[in-house]
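Novice: Supplied in structure tokens, the structure appears directly below.
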Amino acid sequence: SQVSFEEKSQNSPSVGHWKPLMPSKGDKEEPESGSQDAGGVHEPQSTEQLNVSRLRSSSVEIREKGSEFLRDELHKAQKELKLKDKECERLSKVREQLEQELEELTASLFEEAHKMVREANTKQAAAEKQLREARGKIDMLQAEVTALKTLVITSTPSSPNRELHPQLQSPSKAGFRKGHGRNKSTSSAMVSAASHNVAPEPVSQECKEVDSILFAEFQAWKESPTLEKSCSFLDRIYREDVGPCLDFTKQELSELVRVAVEQNTLTIEPVASQAVPVGKVAAEECGGPKKCALSGLPRTCKHRIMLGDSGSYYYISPSCRARITAVCNFFTYIRYIQQGLVRQDVEPMYWEVMRLRREMSLAKLGFYPSEM
């Protein structure tokens, strides 16, 4: 607009005619008319100049406003550009961060997968090593059991093997331990059970026949030997043999004896070996050398029992001792079987269990060896 305005101002027609201020030589005759003409021309010339100056000032003002407007627009455009640059930079950072997180996640997943594989391989190697060691131990134990087989199967609680129990070879140094019993007395006043060993009756000369029901129960128990009463094998023996054999007149003490026999914490000592240290109080004693604590009858008591570590002793008669010993012998043998120490066929083990049951039956009926 400013340029068009300037073009229009340049192309506008001039007003009046310009005449020279100084007259030429040929015009000396009309000095006054020339001056008058010059004065008439000066007035429109000043008006034109005023108009031009106004036009020029307005054009400058328009130019300044236009430049200011352009500067504002430029500043706005620069600000928007800066904002877009910042937004682009922020989005670029977000993209880089996401890419980095994706890379880290991928790397961690691969690392975790490799770690799991390594752990699995390590566990597998450890398990294989343990399996080899277990097989080696099993082979070693089998060899040891095979080597001790003869000693174990010929050593029963009622007829111990002297090679397996060397303490029985010397009565002066031997400790009385029958079934679950432990001897804590001096050896000078003790009667060793080894000196009164009675040879077992020759079972081979007897006529015998396997009871199918009892044998089936024993076979089922032998597959998974346990000391729980829930199995039919032990349930029958508890009802028919163990219960009646340990059923004494003193019911409360009888129950304590049964629990001690089951837990293998019963101690039997000969009365002759009792020695009370000087200055010390003896443990609580029930019954007496002339009265049985289990039956309550006046009997000559050659032995006493202690239940666990209670410190209380109970005097028992030879008949009660035979009944307790028979039950202890039975539990000792089935523990041998449970621990895998008896390597025999099922039938010989069955007949050994029947022999121990016969001992319990005889003991509960009052039969016992004279050395009791």
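Numbers here mean position along the shown chain, with the first residue as 1.
Glycine residues also receive a Cβ, built from the backbone N, Cα and C atoms like all the rest.
Found this in TrEMBL, in case it helps:
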type     : residues : note
REGION   : 1-58     : region 'Disordered'
COMPBIAS : 44-58    : compositional bias 'Polar residues'
DOMAIN   : 65-149   : domain 'GDP/GTP exchange factor Sec2 N-terminal'
COILED   : 67-151   : coiled coil
COMPBIAS : 156-172  : compositional bias 'Polar residues'
REGION   : 156-190  : region 'Disordered'
Novice: Could you put numbers on the helix, strand and coil content of the compositional bias 'Polar residues' (44-58), residue by residue per DSSP?
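Specialist: Residue counts in helix, strand and coil order: 15 helix, 0 strand, 0 coil.
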Novice: What does the DSSP secondary structure composition of the domain 'GDP/GTP exchange factor Sec2 N-terminal' (65-149) look like, as residue counts for helix, strand and coil?
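Specialist: Looking at the domain 'GDP/GTP exchange factor Sec2 N-terminal' (65-149) with DSSP, the answer is 85 helix, 0 strand, 0 coil.
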